[in-house]
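Record features, source Swiss-Prot:
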ACT_SITE  His121  active site, pros-phosphohistidine intermediate
BINDING   Lys12, Phe60, Arg88, Thr94, Arg105  ATP binding site
Amino acid sequence: MSETERTLVIIKPDAVVRGLIGEIISRFEKKGLKIVGMKMIWIDRELAEKHYEEHREKPFFKALIDYITKTPVVVMVLEGRYAVEVVRKMAGATDPKDAAPGTIRGDFGLEVSDAICNVIHASDSKESAEREISLFFKPEELFEYPRAADWFYKKGI
C-alpha cells in the first residue's frame, strides 16, 4: 500500500537568480507530486538558523546562512506517494559534482570557488519534513484539493 507524505522543498538563491523556478516546479508536477503550499519569501537569519540547526557546529554554517538569506527563495510543500524519498531521488546528491545527470542538482547545480550552489533543499526524512514544514507554513497555508483524475473521473466537477 502506498503512503502519502508531505515534504518541504526550498528553491535556493542560486536557482532563483538563474531563472530556474519554473523548470524545477515543472519537474515535480510532471512526476505526479501535488503542490499543497507554496510561497516566495526572504528567509531572515533567525529562521535560517532554526532551519539548519543540525549544522550549527559545522565549519560551513555561517556561509550556509549567508547563502540562504542572500535573495528570496521559493518554499513549497509537495504531497504524494513516498514524497520524501521521491523528492530526494529527484534532487540528486547534495554535492552537484556527485549528482547524476537527470537529477535537479546534476542538471543545474554548480560549484563556484568553494561554494556549492545545489539549487534546492529537500527534507531528508518524514520527521524533518514535519519539522521544516511547520517552520515555513501555518496549517491554513496548506491546501487539500483533488488532482485532475479525481476531479474529472471520480468525484465529478
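Quick reminder: no glycine exception, Cβ is built from N, Cα and C everywhere.
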His121 (active site, pros-phosphohistidine intermediate) and Thr94 (ATP binding site), Cα-Cα, nearest whole angstrom: 9
Alpha-carbon spacing, Phe60 (ATP binding site) to His121 (active site, pros-phosphohistidine intermediate), which is rounded to whole Å: 16
Secondary structure of Arg105 (ATP binding site) (DSSP, helix/strand/coil): helix
Cα separation, Lys12 (ATP binding site) to His121 (active site, pros-phosphohistidine intermediate) (Å, whole number): 7
DSSP-derived structure type at the residue listed as 'active site, pros-phosphohistidine intermediate', helix or strand or else coil: strand
Other CB atoms, at most 10 A from the CB of Arg88 (ATP binding site): 18
